[in-house]
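Marked as ATP binding site by TrEMBL: GLY218, ALA219, ALA220, GLY221, SER222, GLY223, LYS224, THR225.
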Amino acid sequence: MTNNEHPDFQEEVERLEFTKKYMNVVIKASESNEETFRENLKQSLEGMDIKDSSFSYMSMLTNANLLQRTGDELKRLKKFEKKPYFARINFLQEKVDKEEVLYLGKVSLFDKETQQPIIVDWRSPIANLYYDGRLGDVSYESEGDIYYGYLSLKRQFIIDEGELEEIRDIDLTTNDELLQMSLSESASNRLTEIVSTIQEEQNNIIRADLNKPIIVQGAAGSGKTTIALHRISYFIYTFADNFTPDQLMILAPNRLFIDYISEVLPELGVENILQTTFVDYVMLCIGKKIKLTPPDEKLVHFINQDIKHPELVKWVSDFKGSLLFRDIVDRYLNDVLKTLLPTEDFFVSKFRLYSGKKLRQLIEYEYRYLPYYHRIDKIKRVLQNHVRTEKKRMVEKVTNFYDNKLEKALYSKAEPEKRRRYVSKALDKKAEALNDIKKEVRTAVTTYIKKLPKHDLFYYYKQLVTNKEVFMKYAHDVLKPSEIDFFIEYQNRLNEKKTYEIEDLASLLYLQGKLFGIEKHLRVKNIVVDEAQDYSYFQLYALKTVLETDMFTIVGDLAQGIHSYRGIKDWNIVQNEIFPRASYKTLQKSYRTTVEIMNAANQILRLLPIDLPTVEPVVRHGKKPTFHKTSSEKETVKSIENEINQLYKEGIKTIALIGKTNEECKKLTQLLKKHSELPIQFLKENEEIHKDEVVIVSSHLSKGLEFDAVLVCSLGASFLENEIDIKLLYVSMTRPLHRLSFFGKDRSNFLLDQVDSELLEIEE
């Protein structure tokens, strides 16, 4: 309801003005507090007594923590000063006389005098009533208790630059209207404004048990990434007292995506967490940058059909990411451990301080919780400590032995000269024996440990995957001889080029964790994996193993698994064999695109040989996808230019041209630059999108992106009826929010001959 039409409009304007003024007062007070804390911190530092600094140190630490908190709160208050809240609920709790009127925002604010909430954080338990509660009898859970009551009002506000523009009281009908209004916005500004329109099924996943892993199969446009980011925010809010951001990591599909979400996270109160890609994370863990073939290179070869033995190459990729390969690596590691077991007893001089058997027992059993080489380090420390404690005993034993001999000589050697020579010799031997102990105390442990083999990560991996004799030892009973031959040949070709591929990284990470461990600052305890369908089973298992946690939020879509030759094909395997504690959720509603576009995309999805549920589009209508028949490159370019100009006239802001292959896109770019005036950006991997230009992008790079309008173009390359092409076409068709068009010589170029004609507009 627009401005003054709503009966409560003036009341809500006054409430907004009060909130803004109160926030302003708090901001000024916080700025003053920040200065006070800075001064206190400075004094603490200046007054530190180096000899006895415990009091000063605690004072300094307290002020530093308060300064951090004050700074963070101040930053968030300032950020939302002109848009302090987005909704209101009226809730009467059972057995309570007074109804609560609560305003929901992205930051909480309390009256300093009464401690009554002025703004309630959207992540708080009671705010769940806004997302889940219907008007009427409702309940919410907080700290294990359930509170019942009556929800009489759900109201949403549109506030811009501190001015109240619109009020909407929500029931089921208006909720759909609000959602559609949000979805009708341009792709350029959608990800930041989502807190107010989170849907019930999305909210259930955001607030699902935070003490268990979760796997989410979400359709294209279902808000998977949005949910993952909001779940992080909810986690940080819930565990604020005993959680630090450095315990959390987001694994993004590429660096471009990291840039994309980095703008959103601060709005959700999520800062200072590790955001990286799997490739970059593995490089950090192994402590070395290795030469890696581009992760999409193999996919591009499959798309272009210009690779030798494609089925065998797919098999190798799948095998290296399998749990079967993990089992082979485990067998190999068992034998590696045996090579690290000492066979000799440990001596200092002639004293046996530790038996080899006892040391083997320590390495194999007592310290099995440690990586292999950490066990050796532990043994080294054990021996060093033992040597230190035994040194006195050894010296005493040698001293007593020779002192006894000397004493006997005094009484048994009657002839003075013989006695003198005997005593002199005994003293020399005593000095030599004590000197040996003294010297060996310093060197014995190092000498002993040096006898154990020490190799680096790459030695161990190459020994397994490039040495046929070694590999056969562990794989002969699970692989055919022809498979072993091809695998070894394939890995040796990579080795000759001194390069690795993304499929090698799971085993490298796993070996690093098992053999050497990873640095403490990289051992995060809560992980979000986006676009997880492109991960292998071994990748997820390796991450879980080296990080020693199963607290993962895994989101993906098997229908968009364009790397299925090396990726996940069945979430059941992930749940049953890797994360048995995980809950499994599905999101089948698509909030991105229109009913008309999704209906056509669903028919393409049905061509896949895998059983996936049909995507349910949210009821937002638009034009049917349009096929433009063109007979030449010149005609194609002209039709594209006309369509884009028309889209701009209609207010469409972001437009993408998607071609099947990179070569198609290069050709399209050249033609459009030559024959049109359109501003063009040929998008390369990890490149930032220029929002004021028409983006030309290949189908495999378009995954994860969204635009107001998409034009899928063919200058010769056709999407074929195979798994990769169907998924690439499905990905391309589910990128637009509002408009979808096809340009080519024939409908079959886009498999549209298998889509019901009534779902399309045909322009010939």
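Cβ atoms are placed via backbone N, Cα and C, with glycine included.
Predicted automatically and left uncurated, TrEMBL annotations should be read as such.
Structure coloured by features recorded in TrEMBL.
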residue	record	Cβ neighbours (10 Å)
GLY218	ATP binding site	27
ALA219	ATP binding site	28
ALA220	ATP binding site	23
GLY221	ATP binding site	25
SER222	ATP binding site	26
GLY223	ATP binding site	27
LYS224	ATP binding site	24
THR225	ATP binding site	22
With an 8 Å cut-off on Cβ distance to the GLY218, ALA219, ALA220, GLY221, SER222, GLY223, LYS224, THR225 Cβ center, who else from the chain surrounds the ATP site?
THR226, ASP557, LEU587, SER590, TYR591, ARG592
Please state whether DSSP places SER222 (ATP binding site) in a helix, a strand or coil.
coil
